[in-house]
Structure formats: structure tokens, C-alpha cells
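Visitor: Got these off TrEMBL a minute ago, pasting:
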type    : residues                                             : note
BINDING : A:Ser26, A:Gly27, A:Gly28, A:Leu29, A:Asp30, A:Ser31 : ATP binding site
DOMAIN  : A:360-433                                            : domain 'Lysidine-tRNA(Ile) synthetase C-terminal'
Protein chains: 2
Amino acid sequence: MVDKLKIQIADQFPFLDNKKLLLATSGGLDSMVMAHLFQQLHHDIALAHCNFQLRGVESFGDQKFVQDFADTNKIPVYVTQFDTLAFAKDYKLSTQVAARDLRYNWFYELLESENFDYILTAHHADDNIETFLINLSRGTGLEGLTGIPAENGNIIRPLLAFSRDEIAQYAHDHGIEWREDSSNASEKYLRNKIRHDLVPLLKELNPQFISSFQKTQSYLQQSEAMVEDASIMVYQQVVRQEEDEIYIDLKQLLRLPNYKSYLYQWLKEFQFSAWDDVYNLVDSLSGKQVYSSNFRLIKDRDFLILSPINFEEQQQEYLISQGVQDVKIPLKLSFCKVNDISVSANTAIFVDEDKLDYPLILRKWQEGDVFQPFGMEGKSKKLSKFFKDEKFSLLEKENCWILCSGEAVVWIVGYRQDERFKIQSTTQNILKIDLQ
Amino acid sequence: MVDKLKIQIADQFPFLDNKKLLLATSGGLDSMVMAHLFQQLHHDIALAHCNFQLRGVESFGDQKFVQDFADTNKIPVYVTQFDTLAFAKDYKLSTQVAARDLRYNWFYELLESENFDYILTAHHADDNIETFLINLSRGTGLEGLTGIPAENGNIIRPLLAFSRDEIAQYAHDHGIEWREDSSNASEKYLRNKIRHDLVPLLKELNPQFISSFQKTQSYLQQSEAMVEDASIMVYQQVVRQEEDEIYIDLKQLLRLPNYKSYLYQWLKEFQFSAWDDVYNLVDSLSGKQVYSSNFRLIKDRDFLILSPINFEEQQQEYLISQGVQDVKIPLKLSFCKVNDISVSANTAIFVDEDKLDYPLILRKWQEGDVFQPFGMEGKSKKLSKFFKDEKFSLLEKENCWILCSGEAVVWIVGYRQDERFKIQSTTQNILKIDLQ
């Protein structure tokens, strides 16, 4: 398997050579085998383990297991603990989705702060087959059948070409130890059923099932990319964005026999759910409308117009008192006094704390908001103009948070700092504000 | 089930009302239930039964069974017999594909000659699930997962929303008799395995599996239509057709990260199989080429150029002597003396036999071919111009047959008759030539 992986990397991921790799390591079979394999191949690796604290003492057992393995093998290791249940509750997420968000957010932080080039996860061929069949059994669209990508930005999944059997065999041959993967019981029941009953049947119908399946999935990925292309090409012809609203030209849209598919593709990210109502708008009377949690779609003569609606959250202000170190809602921000400024990404700013008016206010942007873009002394700019220049989509604008000191904008969070609060030679107290 | 079907028709196929419907009737469970249902709903129906002569006396048993049922119930019935094995051998087709081609060709002939509006087939929900799983087990692309369409031109499949269980229950409740469906043994083994083992497992994972699956398939159909849209939109930007060749602009093509998917979509109908060779052409030296059975793709500086190659078939001439009534190769044509002309579709012409020079010649078109389009007395037109005006694709041109009398074109088969051989008041012998 080492040799096969070596060829696989040369072939599919040649860019991994001489790079700093962070291996996501739960302590389960797959990730322990991945760690062992990459050590054999003499890559520059470190392990990252998340303790989600979902199974009490067992979770800490996993953590200790990974730490001990790293120490024994002299591999750097990063460990963090999450209050996953609290996070899930705060953001109204399933435990599984919460764990995934926490995990990947933390990986990206490590990537940046510790200068890793890539994050590696140990997903394998059977994971993809099982997910495909789970989604198929529940009902799904194309995106539910295409599987997890082998390469997605900085995340690489080098074991996707290997089956669970190969991985288990390797662990057996090399005396690799592991701990059982954590996953919730109902998901586990479903996966086990698929693993032990359904997949063997498919292999009985075709002994080459796994490799045929991998081809199938790669064809479906190609189709999915073409669907995305079609969606974008037709969007450019049929939709125009103006300030806060997008206009869908019905005369042009209805020339397409499959116009519903396009409406679905464009509007799905705005969380509509009553799709029949959305489709029916197309030939409703002017003035008829459909709502999602944050958006309204209205029929107006020859157009469907999508606009944001101001719900409580859009109006709500979150106050941050002096001395607070961490804010978790509506965003995760940390506040920390530092002695010097370092090179910063868009996810952190340094401000002169003495210029701030506490409590700071975290809120959504409002019509009329103005700021002084960092580096443009004395010049002010409307936020609406900034969004336009930066080509923000409607959704990006609505999701954008503003950190204010009184009326003054301190930070368009994650995008641009205000000039007025920047560090100067006279600054005495430096505050670092970090978006996580 | 009658009521559910009634609603289904009102909802999905309202255009069937008061139309002449031809029901494809094998004599098996599904088609006999369909016949019974449509009789209950008082539609204007007739049955069509093909005897493929694949199972000797059993096949004739099926035929008699359908005829008896029709007679008893006073439903018009059409029956035909095919030498399926010979046809399959002649055209190098699998028996299954041969039977399908024969069946649908005959249905279309009946549609035209007997003035039916629609052909109905009895495919049901489980057929789609089974085909999906067979294709999945073997490896497939999106088109292998989207299922048979409920509506495809004149062919309607009104039972697709019903499961096999519902159909069997209806047959049981109404004492409907049927004969076992004919299908080849290995296909039957596979379907049985899927029916009895795989589908029950999926239903165990989700009791609503069939209806979830129907949603899945309708989503996949939407995705497939969008793939087709993308393929066409990019084709229009990147490809130009000139006479006999198509030019793919590589500079434009290679701007697309997923350009291979587009090459595949455009070239698949030209029967290339060495896809890696096709993709590699993109960055080969000028002059490098890849062949399919009838086409050549050559790299020429910034273009890939697709052109037909003249194999034997392209050169071959088929002679038709006077008095011959049926030609089967390379096309199915029938020749028949008639007393009068009737309204004709593109699939039949009437000619003045005394003007013909026997033997007639059936051949592919050649550069320089000229004809006198029907209705344009005395004016001749190049075939190449005709193809261009009619916007023939490269493939359509290559597949087009010409019926000649000596050097003179009599018929661009299936498209346009020549003026010189048309029936006039002085015509004594009328010959009808039919394309089947």
C-alpha cells in the first residue's frame, strides 16, 4: 500500500512533495493508517486531533492515544477541545454538522498560524460508496451522489482510491493500533447496514463494483461541474444585480423549457423551501410573494425580484464590553492585548484601544453607513459603495457584520479595517481582534 | 388504481384525452394491467403486439393470448412478427437492442399509417429503480441514472408512478391474466437479484424509498438537462462547423477547467472510444490524430479538427433491381406500385417509374452531387448547399443516403425528393418508395 500510495501521490497530488502537511487524526483506523503511511513516505507531517467532548472519558482517551502516538513517533501534534453540544445549540446545528464546522475551522486556523500547506483527511473509497447509498436511500440530487472531492482547496484526501479492506489489511500487517471512530449511533447503524449488507450485494452483482463505482462518481462530478457552468452562464444572461436586489428577467427565463432547474440552482442558497410556490410565482399576478427565512421573492411585472428582509437578527446589536476576551455569537471573535503588530490576514486587525468607545457594537450594515477605508486617510466611503466595488453578492452583503465604536465603523469584519482606529506611533495599547 | 391513474393523467398527461392511443402490449403483467386500466377509463385504444420469435412456440402463445384478449374485449389489435435474430446479426446488434429498435420502428409506422396520436408503454417505477441499480453496479454516467422518461415525443409511460406491487395487486383484484414477460436469462437473473435482494434492503433503510427514489430521479433528470444546456452553450462559443469539418478552438476551450467533459459530450456521438488519446490531443504536436470508426480528430495548431473518413461503407453502392419490393441493407426501403398518391411524410415518396433507370443506386453523397429540389422546376442545387441550408450536422450529412437513377438523384432519403421524377398528369406507373 505504501508503494501504491506513492504512485497515487506522484500521479494525482505531485504538489504535496516538500510541503508541510497537517494530518487530521481522530485516532480511528483510517487516520492512524494515514499517519503511518505518510511517516513511511518521509513527508513533513504533523497531526491535528479534535476532542469534541461528545463521549466523556472516551473522548479524552482518544486524545491521549493520538498524543502518545505522536510523542512515540516524534511527530508534532496539535490538540484542541470543543464544547460541541453548546456550539450546536447556539447555532441550531446538528451535532454532526457542528463537529464538522468546528473541525475544519480549526484546521484552517492551524494552516494559517502554523504555516501548513495542506490539510489531509483519511476518507477512503468505502466512505464515498456508503455516503452515496445513504443519500440514495433517503432521496437526493446530483450533489448527494458525487462524493467527497479528492482535492478541495487546501484539503487533500489521499486515501480515496483505497478501500476499507486495504486499509485494515495494512493496519494488520504493520501492527498499527487504533481506537474506534466516534460517530452517532443512528448514522453508525445505517453505515453498518450498508457496509455489511448492501455493498456486498453490489459486489456480488459485479466483482469490480468498487472501481466501477469510482468511475461512476468521477463521471457524476464532471456532470455536476457542467450543471454549475450552465447555471452561471444562464444567470449572466437572465439576472442582473442592483444594490440590494437581484432581478430575474422572466421573459428571458421562460424561454428555457427547464427554467425551474435554474431558479432552484440560483435560489437554493437563499434557503427557500416552498419550491412549488417559488415556481408558481412565474405566472402569478404582480405583487405575489414568497418568503424564506431572510429573503423575499416578489413577482413584479416581467421580473422576479429577490430582496433581503429585515428580521430581528438583521436589526439586532450585540454589545461587547471592555475586557471581554471571546465573543461566540453572532461570530467568534477574540480580543487580546498585544505588544506588537504582526502581518495580518483579513481575519485579524490591530487597533488603538484608547480610541475605542466601549461597549463596542456588532451589527449588520445599514443604509447610510460610512467608513474610512484603511490606507485612505481622511477619505470616507459609503459601505454600499464598498460592497459594490468589491462585487459582493447579495448574500455576502446580508451576511456581513460590522464592528462599531459608537457610530463609527471599526471593521467590516473579515474584509476591511477602518483608518481611524489603526495603530500609530503614538499608540499605547494595542488590541488584536481575531475572527475565527 | 384506476382513480390514481385518472388523477395522474389529468395532472401529467391531460393531452391524452380524446386522442387515439396505441398500447404496446407484450402480454405480460404490466401491459395487460395497462390495457385493462385504459379500457376502464374509456380511452380510444388499440393494442400493438410484436412477436420477436425468440422463444419459438411460446412467442406465438403470447401473440395468441394478446389477440384473444383484444377480440374478447373488442379492442382493435395490431400484430407483427420479426426475425429478430437475423436483424440483430445483420446490424451487429445485441438481441435486446435489435428487439427494441424493431419494436419502436414498427410502433412509429403504425402511429403514422393508422393515425394514432400516442404510443403508450407499461414501464413502472420498479423498472426504473432496477435499471438504475443495474447501471450503478456496472458503472455509468449521469445518463445511466436518470431513468426512462415519462414523456418522450409521442411515447408516453403512464405507469411510471406505480410500483410493481400496486400493478400486481390490481391484476389480482380484477382477475387479470397475463403471460410471463420475455427477456433474456442473464438480464433476468440480474433483475431478479436486484428485485428480491437489493431493493428490499433499500426499503428497509427507508420505508419511503420508492417515492424518495422518484424524487432523486427527477432531480437527476433536471441536472441532465442542464448538462445538455452547458454543452450546447459552450459549443456555440468554441466550435464552428465548416462544410465537412468541425473546428474546436483550443484557446477558448482550454479556458475551461473541465474542458474534457465538454470534449466528451461533443464527441461521444462520433463513437470515439480512446478518450485518453482524445484528451491528450489537446496538448500534442500539430498533426497528431485519433480515429473512431468513421471519424478522425486531428490537432492542427490552435484547433482540433473533426472530419469524416471514407471507409468502405462511405464508398459502397447498393444496387436495386426493378421489381425488388424490400431492401433491408443499408436502410429499410420498400417499393410498391400504387394507383394513386396519398399525402406523404418525409418517409415516403411517389415517383414516375418509367423515368427510372434500373438498377437504382443507393449510396452516400459525394462532393459535386447536384439535384433539383421538389417544387423547384428546372433549378438545380448542390447537395452541399442543401445540407448547409437545412443546417445538417456533420453526423447527419455522413449518415445521409442518396437514392439515384444513374447519375441523377431521385431522393435524399428521408429529406427531399427530386423534381425530375415526380408524378405528373402523364404518369402511367406510380411507384411508392417507403423508408421504414
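Using N, Cα and C of the backbone, Cβ positions are placed for all residues, glycine too.
A TrEMBL annotation is a machine prediction, not a hand-curated record.
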Visitor: Specify the secondary structure state of A:Asp30 (ATP binding site) as given by DSSP, simplified to three classes.
Guide: helix
Visitor: Taking every protein chain in this structure into account, which of the binding-site residues A:Gly27, A:Gly28 has the most other Cβ atoms within 10 Å of its Cβ?
Guide: A:Gly27
Visitor: Go ahead and report the DSSP secondary structure tallies for the domain 'Lysidine-tRNA(Ile) synthetase C-terminal' (A:360-433): helix first, then strand, then coil.
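Guide: Split into helix, strand and coil, the domain 'Lysidine-tRNA(Ile) synthetase C-terminal' (A:360-433) gives 16 helix, 27 strand, 31 coil.
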Visitor: Using all protein chains in view, find how many other C-beta atoms are within 10 Å of the C-beta of A:Ser26 (ATP binding site).
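Guide: There are 26 such Cβ atoms around A:Ser26 (ATP binding site).
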